[in-house]
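Heads up, the thing below is written out as C-alpha cells.
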C-alpha cells in the first residue's frame, strides 16, 4: 500500500522536544530506565506505601501497583491515619501457562503474603492482592525460584501476551502458544532495573543502549497483544492493540491475519474517548510474526500521542492518522506489502467447560472460577482443592481469558486420580451453573482498585442470580448470554463487547449496555446511564420477555437487541458515544 498523504502530523509524538510532551514522558526519561528511587522508597519505614514522587508509577513497569483498602479509607481518615496500603503484584505469564510446580509456589506465596487468595485475570495471568511492602521482595524472589517474573505486567510497554486455550489440544495450539511465548520474550523491555531492585543484582556498566528498541521513553501507553485460533475467539482478538488470527491448512499453522487498533478504555463524559475494535489489515507467513510485531509496535512507539495520555493508545493513533497511513507505515517497516487476509470464522468467545480429550490422548478439564477468584470459602475450598491437584498433577495448568482454569495435559492413567480429587473437594459441581453465569466476567474493582467507582467482582454474582430468575421465568435459562461488569469505564473485563454490560459510575450506579456480539465481533451501545439495580432488572426483564417471544431461531440476545431497536448497531468506535 502506498502512502498518498502529504505527511503525518508529528506535533504530539516522540519527535517533539521533551518539554512539549506530557509529564509522564519526562518521568520515564529521568527514571534511569525505570530505576527511579524505588530501592530507597522500599526502605522508607515511615509509610506503608513507597515514597518518592515517581515511584508509584514506575513500579507499574515492574508489575506492582500501590493500592489501599478502600473499605477502610474513610475510617482511617477520621483517625488521621494514612490509608491501609498494600500492593498488587501481577505476573507475566505468556499464554496463561503454568507448570504444577509453579502452581504450588503460587499457592505458597498467596498463603504467606497474599491473603490466601489467587486472582486469575482477564489476560490469563495471576494477581496477588494485599501484599505488604515488606513482603514485596520475598514474593517476587519466590516467583523467581520457579522462573516467573512480573516484568512489563503493567506500564507503558507490551503487556502480557495472550493465546487461545488449550495449547495441548492439538499441534496447532502448541505452535500458537510457542509463538505467543516468543512474542512475549521478544517484545518485553530489557529492564536491568528489575533484576537490580528485586533480585539484588549489581548494576553492570556497559556502552550498549539499555533499551535499544523502546528507548528511554518506552511506549506512549500500554500495548496489548494476543494470538487466537478460530473458531473460538476466547481472547477477544478485536480488543487487542495487535492481534494475530491463526490460519491453518490441513491442521498446520501457515500464518496469521493481523488485527490492529483494538482497545476498551474510555472515560465517562469525555466523548473523545471510546472503545474500538481492531481492523483486519492482511496476512503474514508464520515466520514473520516477530518482524510484524516490531513493525506494529514501532509504529505506535513513533507516532503515538505523548502529550495527552487519554489519547495515547494505538486505537487513537490509527484514527488520528488514518488506517491507510498506519498500514503503509507498517508495510514500510516490514519491507513488503501484506497479503490479503485469509478467510476465518468465529462462533463464540467463551470457554468449553468440563472434560476434553486431546489428539495426543491426554485429557483436559476446564473448571469454572467465578470472576477468577481462587480462595477457600464455606461452600467450596477452591484454593485447597487446586493445591491438592497440583501436588499430583503430571501436566500443566492453563488460565483462560475468561478467568477460568484448565487442568491440562492429564495422562489417561492419571485421569481417575484427578477426577477423584475434583469430587473430594467439591470442584466437580463448579461447572453446574447457568449459561449466563458461565458467560459472566467481572474486574476486581472495590475494595482494592483505586479507579473503581462501584462494585464489580463482589456484586456481579448477586446480580446474575437475580437475572437468572428473570430468564428462567421466560424459558431462557438455556440461552448463552454474555454479561460483563467493571467498576469503572476503563474496561478491564472487556465489557464493551458483551451482550449485556455494566460499567460503574458511583456506588450502586452503573451504565447499562446492550448489543455486543456473541463472539466479540461488535461493540455494544449504552441503553441506560447511571442507574441502580431496580432499573437494570426492569430493563433486562422487559427486553428478555420480548426476546423470548420474538427471537429468530439461533438468534443471539445481542443481535436481537439491535434488530428490535433497543440500541443502534455500533459499526465503528467513533460511533460509540453518538
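Count begins at 1; order follows the chain as displayed.
A Cβ is built for glycine as well, from the same backbone N, Cα and C atoms used for every other residue.
Over in Swiss-Prot, the protein carries these features:
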type	residues	note
BINDING	443, 449, 488, 492	[4Fe-4S] cluster binding site
BINDING	492	siroheme binding site
REGION	1-21	region 'Disordered'
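With a 10 A radius on its CB, residue 449 ([4Fe-4S] cluster binding site) counts 22 other CB atoms from all the protein chains. Cβ proximity to the [4Fe-4S] cluster site centre (mean Cβ of 443, 449, 488, 492, cutoff 8 Å) flags the following additional same-chain residues: 444, 445, 451, 452, 456, 486, 487, 490, 493. Note on the binding-site residues 443, 492: the fewest other CB atoms within 10 A surround the CB of 492. Residue 443 ([4Fe-4S] cluster binding site) carries neither a helix nor a strand DSSP state and counts as coil.
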